[in-house]
């Protein structure tokens with residue numbers, strides 16, 4: 001049986017931090033479902049369709065990832081329901097710093113209460129990616145700064161178009 005992990009997030013936009021976590025996950029799982037959340041309580045720069053396209057371009061065009069091992073979707077449901085749909089009991093989350101852990105710990109606990117078969121696996125970003133956040137990347141590009149150390153070429157192009 002294939003081991004499938006669900007990696008939910010906003011990915012607004014995808015960064016090298018996210019990609020670092022995806023790389024690590026691909027070493028542990030047969031397939032990774034990258035699920036761009038479309039939660040109502042967030043203000044997104046890119047809508048869910050745009051974020052799915054950005055992720056696909058970053059992974060499959062810029063970085064040449066194996067399409068057979070990754071599926072990119074958007075979702076509006078509970079993450080636990082998404083896991084059920086994809087026959088996965090693994091939620092994958094990336095951690096950058098200790099400050100991320102408290103929120104992620106609570107989220108993992110809630111998901112476990114919703115479905116006691118769910119395990120949340122935390123993967124640490126490499127040191128050079130721990131400072132990267134989508135929020136900072138958007139702010140840097142808005143102020144006309146250089147973000148090539150933080151995300152892929154296609155994502156940079158899309159970000160610049162949004163801020164023109």
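Keep in mind that glycine also has a Cβ here, set from the backbone N, Cα and C atoms.
The ATP binding site feature in Swiss-Prot is assigned to 10, 11, 18, 94, 95, 96, 104, 129, 130, 131, 132, 133, 134, 135; the stated evidence is sequence analysis. Long-range Cβ neighbours of residue 95 (ATP binding site) (same chain, at least 6 residues apart, Cβ-Cβ under 8 Å): 101, 104, 122, 123, 124, 125.
Per Swiss-Prot, substrate binding site is recorded for 10, 42, 79, 93. Of all Cβ atoms in the protein chains displayed, 22 besides its own lie within 10 Å of the Cβ of residue 79 (substrate binding site).
The annotation site 'Transition state stabilizer' is assigned in Swiss-Prot to 18. Under the DSSP three-state reduction, residue 18 (ATP binding site) is assigned to helix.
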Most crowded position, judged by CB atoms within 10 A, among 18, 93 as binding-site residues: 18
Greatest inter-residue Cα distance in Å for the substrate-binding set 10, 42, 79, 93: 19
